[in-house]
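Heads up: the structure comes next, in structure tokens.
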Amino acid sequence: MACPLDQAISLLVAIFHKYSSREGDKNTLSKGELKELIQKELTIGAELEDSEIAKLLDDLDQNKDQVVNFQEYVTFLGALAMIYNEVLKACS
């Protein structure tokens with residue numbers, strides 16, 4: 001049986017590929033795919049405006065190719081983990 005961390009990492013990878021395979025290059029997230037991922041997989045997603053998601057894409061897109069590759073997605077996950085950690089620290 002896989003350890004919880006193994007399962008969590010596998011899920012993060014699977015979610016990337018679930019959305020990246022919907023349009024164009026199956027190894028990148030388009031603006032539409034990223035928007036759908038955020039809105040469906042994150043609690044805060046439904047609260048974000050289109051302009052905020054567009055800004056997020058621009059910030060994540062380090063090489064400015066108008067898509068988010070897996071490395072850029074992992075950077076996004078790292079930033080989310082930092083935010084979640086701060087929230088948890090504040091609650092305790």
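Sequential numbering from 1, following the chain as shown.
From the backbone N, Cα and C atoms, a Cβ is placed for every residue, glycine too.
Pulled from Swiss-Prot, these are the features on record:
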type: DOMAIN; residues: 12-47; note: domain 'EF-hand 1'
type: BINDING; residues: Thr28, Glu33; note: Ca(2+) 1 binding site
type: MOD_RES; residues: Lys40; note: N6-acetyllysine
type: DOMAIN; residues: 48-83; note: domain 'EF-hand 2'
type: BINDING; residues: Asp61, Asn63, Asp65, Glu72; note: Ca(2+) 2 binding site
Legend entry - Least surrounded among the binding-site residues, given as Thr28, Asn63, when other CB atoms within 10 Å are counted: Asn63
Legend entry - Candidates Asp65, Glu72: member of the binding-site residues with the richest Cβ shell (10 Å): Glu72
Legend entry - Integer average pLDDT (0 to 100) for the domain 'EF-hand 2' (48-83): 91
Inset, instruction - State the non-local partners of the domain 'EF-hand 2' (48-83) in its own chain: residues 6+ outside its ends, Cβ under 8 Å from one of its Cβ atoms. - result: 12, 16, 24-25, 27-31, 34-35, 38-39, 42
Inset, instruction - Could you round the CA separation between Thr28 (Ca(2+) 1 binding site) and Glu72 (Ca(2+) 2 binding site) to a whole angstrom and send it over? - result: 9
Inset, instruction - Restricting to the same chain and to sequence separations of six or more, state which residues have a Cβ under 8 Å from that of Lys40 (N6-acetyllysine). - result: none
Legend entry - Rounded Cα-Cα span from Glu33 (Ca(2+) 1 binding site) to Glu72 (Ca(2+) 2 binding site), Å: 14
Inset, instruction - Let me know the most crowded of the binding-site residues, choosing from Glu33, Asp61 and counting other Cβ atoms within 10 Å. - result: Glu33
Legend entry - Output field, Ca(2+) 2 shell: CB within 8 Å of site CB centroid, site Asp61, Asn63, Asp65, Glu72 dropped: Leu60, Gln62, Lys64, Gln66, Val67, Val68, Asn69
